[in-house]
Ligand SMILES: Nc1nc2c(ncn2[C@@H]2O[C@H](COP(=O)(O)OP(=O)(O)OP(=O)(O)O)[C@@H](O)[C@H]2O)c(=O)[nH]1
């Protein structure tokens, strides 16, 4: 993910400062070099990198750390503040009636983002509508309609029309019951004159409150020109960065934000309509720096709990940390995690975990799909209570019996036991991580419903 590297390399450098109360000039040089290296390899524009690293250096040299502040925390705070400053606030999107226009190159993720954003607004109690004006790409209409259906929002498009401007005009009229209108536009391979002319005409008719540029996180240096051209033609107020769940570097998107003097509105983190996050600079950067993003985590846990329909007391994250881990727990936790979203993304949000532990985990440990869970449930129904409580005692003859009883293959039973072992190991790693007390405190706060934007987690800021 974007600048992942910055988080891990910077943590390594900062860890060397542990125990120091003062920073030497060499310490600062080393940190600044590390930041420059990471940002440049993430495709961030050179002049931006220089500006950022100069600021950090100047402040670290000139500012006096408050009494009693360890050098590491002092520097981390400066880096954090400068990154917040660079990325800026998230694009202002009031929770009220409005029209949003989406622009971007082909395949950047506009259609997907339109549905995701509509879904997001609907969770805030508004009534959104997606208007699809892409007459260029065959299949765009069906895709948009299907996604709007999944997001359970209003939709307008006209597969028989070849006039996007007319569709936009009609769409606004036809969806007048909605309060948030999201207008999706066609993309092209490259910015061509006819695309620019078309989007300018649509912009004229739609008269959007906000125009967002949708950018694939994988875009590199090309982001600068693209952002500039869209900005000149329709004026860009904010950027949606998509496909952050992939391996993309994402630096180009930061360059685009800087180029258009705009900000980030949303982040796309998967192909489903729910895979979207409203951009929160503080949380995003905390996550980048490996400090976790507690408010996002709390929100996901809350949502997962609603979906899993579990009483709060049924789910005891502390058990997970204590290592009292049975097959019954695994089933419950797989269900909860499945609802929270991909485990690797959830892990990014937990302070202190970052890339390190994640990289050591086998791929399968992250695979908690619905299908697997169903098979596991069937298998577990053929186990005795004692076997579920102490799976380590299950041997070859039991495996044979369980497979027969559940109508599955022995291989699948072994897979379940393998998954159990991996998850048990993962829980042990959670235990060994950072300050256990702090982790437990966080888990307790999450249980007490600290969600809803992290209100209850006030004391748990990145430096808390
Ligand atoms: N993994 C992942 N895939 C995404 C994300 N956003 C979009 N995609 C995928 O990227 C591909 C292109 O997305 P679209 O939404 O069709 O892109 P578009 O910009 O509307 O494309 P055009 O209509 O051709 O301009 C699709 O396969 C999407 O499923 C994301 O955040 N993560």
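Glycine is no exception: its Cβ is also placed from the backbone N, Cα and C atoms.
Remember, TrEMBL labels are computer predictions, not curated facts.
Residue counts for the domain 'Signal recognition particle SRP54 helical bundle' (2-87) under DSSP (helix as H, G, I; strand as E, B; rest coil) come to 63 helix, 0 strand, 23 coil. Residues or ranges marked as domain 'Signal recognition particle SRP54 helical bundle' in TrEMBL: 2-87.
Marked as domain 'AAA+ ATPase' by TrEMBL: 96-280.
Marked as domain 'SRP54-type proteins GTP-binding' by TrEMBL: 97-290.
Annotation source TrEMBL lists GTP binding site at 104-111, 184-188, 242-245. The Cβ of residue 185 (GTP binding site) has 27 neighbouring Cβ atoms from other residues within 10 Å, across all protein chains displayed.
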Using a Cβ cut-off under 8 Å and a sequence separation of 6 or more, which residues in the same chain sit near residue 110 (GTP binding site)? 102, 103, 104, 134, 184, 185, 187, 214
If the criterion is a C-beta within less than 6 angstroms of any ligand 1 atom, which of the binding-site residues 107, 185, 188 pass it? List them in sequence order. 107
What residue among the binding-site residues 104, 107 has the most other CB atoms lying within 10 A of its CB? 104
With neighbours defined as other CB atoms within 10 A, the best-packed of the binding-site residues 188, 244 is 244
